[in-house]
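Working notes, beginning with the structure itself.
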Amino acid sequence: MASKNTLNHALFILLVASAASHIANAGDPDIVSDFIIPPTLNPANVTGTFFTYTGMRTLINADPPKTFTVLKATMEQFPALNGQSVSYAVLLFPSGSVNPPHTHPRSAELLFLVEGSLEVGFVDTTNKLYTQTLIPGDMFVFPKGLVHYQYCISNDSAIAVSAFGSASAGTISVPASVFTSGVDDDILTKSFKTDVATIQKIKAGLAPMA
């Protein structure tokens, strides 16, 4: 299992990733002001607190999670990122866990592996799969908009930090978008060349637990 000491280095890793984030494909329009203040906030009341995000403090001295967990710092969680073309995510992988195939429509993703070992991969528009096994200190770029995944192959947990060139890169889960968005069973049956019972079993497996 990842040590608490490793988790305590998460903020340092965020700073390391910030230097790399500038090479990620920006997906946000340029702004004509220094920064954007939400309309609900009086500009006269803006202080350094507005530009500070404390949501990653939960990493400090925390035990590793039992399931794959993502902590995000995007425009939604951190409004000061609006217009700044940058955001982050900390990915926490128990052994054997997977971040299922997904895409980020508005940005490339630059992943830095802190601890553990990951098998990562993406599929390009010619349907070619590119894979790599990462060890701590490695970085891997997932090109903008392409389907990709990460799989923890360590005996212990893994920790990674991802940088994005957008304040809101967006995430589209392939399993969820295909099987939980309401696409008709007959369409899925024909598309995957299977039967309705199989499609319904997949949908049941992806349904949120009560």
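Along the chain as shown, residues are numbered 1 onward.
Positions of Cβ are set from backbone N, Cα and C atoms, glycine also.
Automatic prediction, not curation, is the source of TrEMBL annotations.
Feature annotations, reproduced from TrEMBL:
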BINDING   Asn99, His104, Glu109  oxalate binding site
BINDING   His102, His104, Glu109, His148  Mn(2+) binding site
DOMAIN    60-200  domain 'Cupin type-1'
SIGNAL    1-26  signal peptide
Within 8 Å of the Cβ centre of Asn99, His104, Glu109, which other residues of the chain have their Cβ, at the recorded oxalate site?
-> Ala89, His102, Thr103, Leu111, Phe142, His148, Gln150, Ser162, Phe164, Ala169, Thr171
Using DSSP, break the domain 'Cupin type-1' (60-200) down into helix, strand and coil residues and give each count.
-> 22 helix, 56 strand, 63 coil
Enumerate the residues of the same chain, His102, His104, Glu109, His148 excluded, that satisfy the criterion Cβ within 8 A of the mean position of the Cβ atoms of the recorded Mn(2+) site; list them in sequence order.
-> Thr103, Phe122, Phe142, Leu146, Val147, Ala169, Thr171
Around Asn99 (oxalate binding site), how many other C-beta atoms are within 10 angstroms of its C-beta?
-> 23
Cα of His148 (Mn(2+) binding site) to Cα of Asn99 (oxalate binding site): how many Å, rounded?
-> 9
Most Cβ neighbours within 10 Å, among the binding-site residues His102, His104, His148, goes to His104
